[in-house]
Amino acid sequence: MLRTFMHAKLHKARVTEANLHYVGSITIDEDLLDAVGILENEKVQVTNNQNGARIETYAIKGARGSGVICLNGAAARHFQIGDEVIIMAYAQLTNEEIATHVPKVAVLDQENSIKQMLSQEIAHTIL
C-alpha cells in the first residue's frame, strides 16, 4: 500500500508576481526548488495565508537567486503580490519508506531567501 506524505515545503514564501495571461503553473526560483527537492513540472499545492485559497498546480523553474514566486494563469486571481504562501509537494511511499522518510522544509524570509532548513515540523511551532 502506498500512502501520501509531504516531501518538500517552502514555508512563508512571498508572492513576487501574478501573471494571469500565462498558460498556468507557479514559477519558483530554481535555488529554492533545489533546496527542498521539488522538480520542474512536479505537482505542488499552494496555500495563501492571506485569504485561505488553496490550489494545485505544477512547478516551473525561475531564475536562480531571483527569489521569484509567480502564480500563473487562473491562480493569479487568488494570489496578490506580497501574499505569504506555503508551497508543498507530496510523495507516495511504501510502509518501508515511511520509516526513514524525512521531508525537506525551507523557511523563507521576506525576500524569499532561505532563513532556516528543517528536517521535521515540530507540533505547535509558530515561525
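Cβ coordinates are placed from backbone N, Cα and C, and glycine is handled just like the others.
Among the features that Swiss-Prot reports, pyruvic acid (Ser) is placed at SER25, with the record citing sequence analysis. Close to SER25 (pyruvic acid (Ser)) in the fold, though at least 6 residues off in sequence, lie THR57, TYR58, ALA59, ILE60, ASN72, GLY73, each with a CB less than 8 Å from its CB.
Under the heading active site, schiff-base intermediate with substrate, Swiss-Prot lists SER25, citing sequence analysis as support.
Here ALA74 (substrate binding site) comes close to LEU20, GLY24: these same-chain residues lie at least six apart in sequence, with C-beta atoms under 8 angstroms from its C-beta. The substrate binding site annotation in Swiss-Prot covers THR57, GLY73, ALA74, ALA75, and the record cites sequence analysis as its basis.
The active site, proton donor annotation in Swiss-Prot covers TYR58. In the three-state DSSP classification, TYR58 (active site, proton donor) falls within a strand.
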**Message:** List the residues in the vicinity of the substrate site, defined as same-chain residues other than THR57, GLY73, ALA74, ALA75 with C-beta within 8 angstroms of the site's C-beta centre.
**Reply:** GLY24, SER25, ILE26, ILE55, LEU71, ASN72, ALA76
**Fill in**
Around the Cβ of THR57 (substrate binding site), other Cβ atoms within 10 Å, all chains included, total 18
**Prompt:** How would DSSP class ALA75 (substrate binding site) in three states?
**Reply:** helix
**Asked** What is the one among the recorded positions TYR58, GLY73, ALA75 whose Cβ has the most other Cβ atoms less than or equal to 10 Å away?
**Response** ALA75
